[in-house]
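Visitor: Take this structure first; my questions come after.
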C-alpha cells in the first residue's frame, strides 16, 4: 500500500468537501450579503468581491461606481490635515537695556499705537522706533538720585506719561521731545499709570490712586482709596468703564468710572498683584497675576466679581498680555526659570515656554498690530518674541480691534 498516495487523496477530498460547504448558501444569507454591500459600499448594484467599506454617511455621488471606488482608493487626503501654528522659541531681536531698575513694583515698558517702544532706564526714558530702528532719549530726571518709576503711552501715540520717584507725574510730547506739564498729588513714588481718554490714573506708594484730567488746570478729578500699601498695577478696561488696581496688600480692586468707591474687593491672591490684563475679545474678563508667595494667574468676571479660573504657575507672575489674534495669554515670570509661558484660554493648557532671560522678566509690551511681544528683564536685555503671528482667520479679530482703537483715537488728548 502506497501511504503517500493515500494521504494525498484524503487531503484532496477534505479540501473539496470544505469548499463545497463554504459555497452552500441560503436565501437569507444572500439577502444579508446584498444589504451589507448596499450600505457599506453605498451602491444598490454593488458588485461581488468589492472590499472597500464606508462607515459614515456621505453625500450621494454623481460618479459611477467604478469611478467612485477608484477615487476612494487613489485620492489625496493630505489637504484635510489640520495645520498647526509654529511658535518661535528664540527671540527675533535682542536689545541691551542697561540700568533697568530691578524692582517688581514698577512699570517701565510700553509700546505706542504709532509703533514706538518706550523704556525707562534709570534716570532716563528712551524711545525705539520699531519701523526705522532709531533710538532717542526723551527725558532725564533733574536729580541724579531720582529715577523713573512708571511710563504709559496715551492712545494717540503722541503723548506719554512719566512717573518718577520724587512723587511727580510728567506728560511729554514724544513727537516734539518736550515736556507738556507736571502734576503733583502723591506723597510717595508713582509706580503705575493708566490712560482712559483724557483721564490719566496714577498709583502711588502712598496707597492712593489719583485720576487726573489732563485738560484742566486743576487736574485732580478724583482720588480712589482702597489699598493699604503701594499700588503696583493699574489698567482700564477696553470700554473705559472699569479700572482694575492691584496692590502690595495682595488686593485686587475693580472700580466703576462713575464712582470713587470700589465695585469689588477681591482678596484671593496671596501676594502682591502687579500683573493685570483685560481680555480684548470678551467684555468684563480680566486676568491678574500674583507675586512669589502666590504664583497664580486668575481670570475674573468683573461684572459679577467672581473668579472663573485659577492656575498655579509655580513661579512669580510679573506681567500678562492677551493675544489679539488667538484665545491665548502670555505671562512672564521670575524665579526659578525666568521664562515666558503661553497659555490657551479657557483651558489654561500651556502651549509654549520661552526661555533665554537670565533674571526675572519684569515687563511685557505688545506691538500695535499684535504679533510681537517684547520682554524686559532684570538681566538688562529686551527680547522680541513673534508669538502671535496672525492667520487669515484671526485677521478678522484684529480688524475689529483696530476699528475699536480707531474710535478711541478720535478722542484727541488736549493737554493744558
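Glycine too: its Cβ is placed from the backbone N, Cα and C atoms.
Annotations for this protein, taken from TrEMBL, read as follows:
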- 95-385: domain 'CDC20/Fizzy WD40' (DOMAIN)
- 141-182: repeat 'WD' (REPEAT)
- 224-265: repeat 'WD' (REPEAT)
- 354-387: repeat 'WD' (REPEAT)
Visitor: Based on DSSP, tally up the residues of the repeat 'WD' (224-265) by helix, strand and coil.
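Guide: So the repeat 'WD' (224-265) is made up of 0 helix, 23 strand, 19 coil.
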Visitor: Where does the mean pLDDT land for the repeat 'WD' (354-387)?
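Guide: Summarising the repeat 'WD' (354-387) by its mean pLDDT gives 98.
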Visitor: Please list, for the repeat 'WD' (354-387), how many residues fall into helix, strand and coil according to DSSP.
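Guide: The counts are 0 helix, 17 strand, 17 coil.
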Visitor: Going by DSSP assignments with H, G and I as helix and E and B as strand, what are the residue counts for the repeat 'WD' (141-182)?
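Guide: Reading the DSSP string over the repeat 'WD' (141-182) gives 0 helix, 22 strand, 20 coil.
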